[in-house]
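My structure is below; once you've seen it, I'll send some questions.
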Amino acid sequence: MITVVGSGRVGATTAAMLGVLGVDNKIVLIDIIKGLPQGEALDLNHMSSILGLDVYYTGSNDYADMKGSDLVIVTAGLARKPGMTREQLLEQNAQIVANIGKEIAKYAPDSVVILTTNPLDAMTYVMWRATGFSRERVVGFSGVLDGGRLAFYAGQKLGISPASIIPIVLGQHGESMFPVPSKSFVFGVPLDKLLKPEEIKEAVEETVKAGARITELRGFSSNWAPGAGVAIMAKAVKRDERRALIASVVLDGEYGVRGIPVEVPVVLGRGGAIKVLEVELSPEEKQRFQQSVEAISKLLNSLPAQYK
């Protein structure tokens, strides 16, 4: 059983993608707004009927209904508004995430948690502390989205399908995220060998600004790409695929970092992020990575004491 906490745009889209991909046949939506998860669940059950899917959705306002879940996906939290940075959401969403984390520890103590709430890396830390889970079992959704965006923009410039590109994006899920063209490949050929320097710069800038651009255009943040990305991560966990994906996890010495969640390649399986993969970086890339880590550390230091 999978529980999705938060029935807004990202939560509902994620729930739909989970059903379409056949990740689980029982999905619970939980939200504090009465009627919202129940309405979404009913609509999703109608979708399942039309598509012939073997999945049943339940909506609830009670955290106790996550009992039995081996995977909990947390999409709850305040969303970014036009002109707002992920960092401005810090304190308000920290309280929301910490409260949800305590409920997860109570009702789904053996689960893996995938989190989408921004600012992502800081909220991954808050969730890790609130649940008391091992670092492997608290995974921030970030790199699948950032990597997908990099592949899209690079693919447009190359005139090839984004599916042909294996992208690498490291560091913070935010303004200091660090796409790595030298380690992003098209059949073994790095992007920085296929694109001109100015094209790489444009693709990287478009990747970094993509989320804000979507919010600016339509007045609310992204949901389709995050929903798809979370579902891909959930499938890797539920089916024990041992699939290498980019995610935010608390590092324990990898990349010379300890106790800070950072967007890095991991192997996702039934236990969560069962292995961190260390990418060899050039001196310049290491410097940029460290700058991104410092940005995350600064956010963590600004968290109220009760969330540390």
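Glycine is treated like the rest: Cβ placed from N, Cα and C.
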Figure out which of Asp24, Asp31, Asp110 sits with Gly6, Ser7, Gly8, Arg9, Val10, Gly11, Asn93, Thr116, Thr117, Asn118 in the NAD(+) site per Swiss-Prot.
Asp31
On a simple 10 Å Cβ count over all chains shown, which one of the recorded positions Arg149, His173 is most densely packed?
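The largest 10 Å Cβ neighbour count belongs to His173.
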Pairwise over Gly6, Ser7, Gly8, Arg9, Val10, Gly11, Asp31, Asn93, Thr116, Thr117, Asn118, annotated as binding NAD(+), what's the top Cα to Cα distance to the nearest Å?
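Between the most distant Cα atoms of the NAD(+) site, 17 Å.
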Below 8 Å Cβ to Cβ and six or more residues apart, same chain only. Which residues does that give for Asp31 (NAD(+) binding site)?
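In sequence order, Val5, Gly6, Ser7, Gly8, Gly11, Pro37, Gly59, Asn61, Ala76 meet the Cβ cut-off.
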In whole Å, how far is His173 (active site, proton acceptor) from Thr116 (NAD(+) binding site) when you measure between their Cα atoms?
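Approximately 10 Å lies between the Cα of Thr116 (NAD(+) binding site) and that of His173 (active site, proton acceptor).
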What's the most sparsely packed of the binding-site residues Gly6, Gly8, counting other C-beta atoms within 10 A?
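Selected from the binding-site residues Gly6, Gly8 on minimum Cβ neighbours within 10 Å: Gly8.
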